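Each remark here refers to the structure printed beneath this line.
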Amino acid sequence: MSEISLTFPDGAVKVFPEGTTPLPVAESISKSLAKKSVSAKLHGAYVGMHDMIPASGDFQLITTSDDEAISLLRHAASHLLAQALKRIPKFANMHFGVGPFIDNGFYYDTDNGAGNQVSVEDFPEIEAMMHKIVKEDLPIVSREITREEALSMFAEDPYKIALISDLPEDEKITIAVQGDHIELDKGGLVPSTGWIKHFKLTSVAGAYWRGKSSNPMMQRIYGVAEWKQADVDAEIQRREEAKERDHRTIGRDMDLFFTSQEVGSGLPVWLPNGATIRRQVERYIIDKELANGYQHVYTPVLSNLNLYKTSGHWDHYREDMFPPMDMGEGEFLELRPMNCPSHIMVFNHKPRSYRELPIRIAELGMMHRYEKSGALTGLSRVREMTLNDGHTFVEPEKLEEEFKSILTMMMGVYRDFNITDYRFRLSYRDPENTEKYFDDDDMWEKSQAQLKRAMDDLKLDYYEAEGEAAFYGPKLDVQTKTALGSEETMSTIQLDFLLPERFNLTYIGADGQDNHRPVMLHRGIVGTMERFTAYLIEMYKGAFPTWLSPLQVQIIPVNLGAHGDYANDIQAQLQAAGLRAHVETKDAKMGYLIREAQTNKIPYTLVLGDSEVDGQTVTVRKYGEEKTRTMRFADFQSEILADVANYSRPVND
């Protein structure tokens, strides 16, 4: 009998009969391992627990303890959902798009035609059918089929036919079979439906097929799947909290911004309250950059297309750019997708000396990205954005010093915005796949070592990620945890050795020769104003610190006739001091007006009655506090100004 030889991660080699599946392999090691084994890998490709191991090679068992195992469970849960829908008569003729796992869950895109759309009211029936299939404990088996077989098998589902038709002619096509249900699948599932015990359907939303608005609108059914019910419950609770923090909901409730089809998808309109928050962020960041030696500029939002051909954006980034505008006579203008070529023009508009370096150029630069309709979300994914952008041109030997300077400024900004949950990622090129990166081995080795040394000098913890570098140089990414639990890149410092070559940037060195090449550092401290404001809205849950709050002081006279003049005088003094204050003139009960101020999350509410007018005092109620304080107005003004000046942190922080 023929045999196969399997090499395990610890280097051990075992021989098994040809035709063996991963399950007896796991059992040969231990029964407990077999019970925990979710799937297997041969040379990095998934092999189901009931599938034949096709050849000898490097072999690994995936258990419930492995991080990737939860993704396999969630992927299988999407298949379970589809199988359950097909068993319910009113959904029996449903068509299916794609059903992947995602962070914290899964979804499946479905199309049931004009009638019998899925609603949340259907979820109990669908979940009951899913649990029934779980009890059947159907083995999940993969097998390879021909293209002709696949087209015949899925002939009634136009979406599956489209997926099959898009595959290269020589692509292997595999299916996953569980009882009466068949899925197009490349592998990576649990052994049987009995493993998918703990799940919950959460929502249904519209989604264009393949994210294009010209394609049919499908229904995307979302769900959660975990190994334990307690984890499902925790995820549902987290999502309820997420709804309360969703910047789109808070933005609507607090009149911060809106989006509309009349204006255009992905083009948010900033209302006065939201514009005030954004303006405070912009003023803050400009002042911070000016204090750190940056020169602020304004550059056009439109540029000659040739600029982006020289930079390489047109070749590598064209799908994310809007079509060029033909101005006639061979001139084409392009909405810029990035600011760096414009800042290179600022550097290059006159000869530069080493004595001027580093030259730090910054801008709140408006950019445009051709985002698909299906990807657009509130402020966080838009088509027009303003980036807190900066570029430094530095001598190669001063690179490390400049990197540390940028990072120190960045951490100061995080402190002022009370951003504490983040980690640093040093992103290097992939040493096993160097051909996709800028071709200079010496540069890569030196620059990666410089970034690592700078982080060590600053005594900052970081992790290293090979293969995450940009093609033109290594970078530092700051990964922040959002209030909704996801991780995003907020800030970045990227080394660029390529664009200075493409644009032939030089400076005059100490030797008097104008042939020295600077290194370019791209850096973004808070990213785009849109995404950063969305982050702040969700982090603060709309209860902004005083310095950022759209309205800082709500003044409520007990009687507008008797106390209105004093209220207006207080407002005038606060506004003269640079504060944002408003006198409430509505005719309503005092309790209602105070509650409304608290609902609107205004940091300070002042109540003015006879005693306050007579004593030139104010009665102060701070947001989130039940107690009130009566104090001299001058003392209150000093307190709130100190609050603003200290970015609303405790004075001794």
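Counting begins at 1 with the first residue displayed.
For all residues, glycine too, the Cβ spot is worked out from N, Cα and C.
In Swiss-Prot this protein carries:
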type    : residues               : note
BINDING : Cys340, His391, His522 : Zn(2+) binding site
DOMAIN  : 1-63                   : domain 'TGS'
REGION  : 246-545                : region 'Catalytic'
- Query: Taking the center of the Cβ atoms of Cys340, His391, His522 at the recorded Zn(2+) site, which other residues in this chain have a Cβ no more than 8 Å from that point?
  - Reply: Met338, Asn339, His343, Ile344, Asp389, Gly390, Gln494, Asp496, Leu499, Met520, Leu521, Arg523
- With every protein chain in view, how many other Cβ atoms are within 10 Å of the Cβ of Cys340 (Zn(2+) binding site)? 20
- Work out, from DSSP, the number of helix, strand and coil residues along the domain 'TGS' (1-63). 14 helix, 26 strand, 23 coil
- What three-state class does DSSP give His391 (Zn(2+) binding site)? strand
- Taking the Cβ of His391 (Zn(2+) binding site) as reference, which residues of that chain separated by at least 6 in sequence fall under 8 Å from it? Asn339, Cys340, His343, Ile344, Phe347, Arg360, Ile361, Ala362, Met520, Leu521, His522, Arg523
- Query: Over all shown protein chains, what is the count of other CB atoms within 10 A of the CB belonging to His522 (Zn(2+) binding site)?
  - Reply: 22
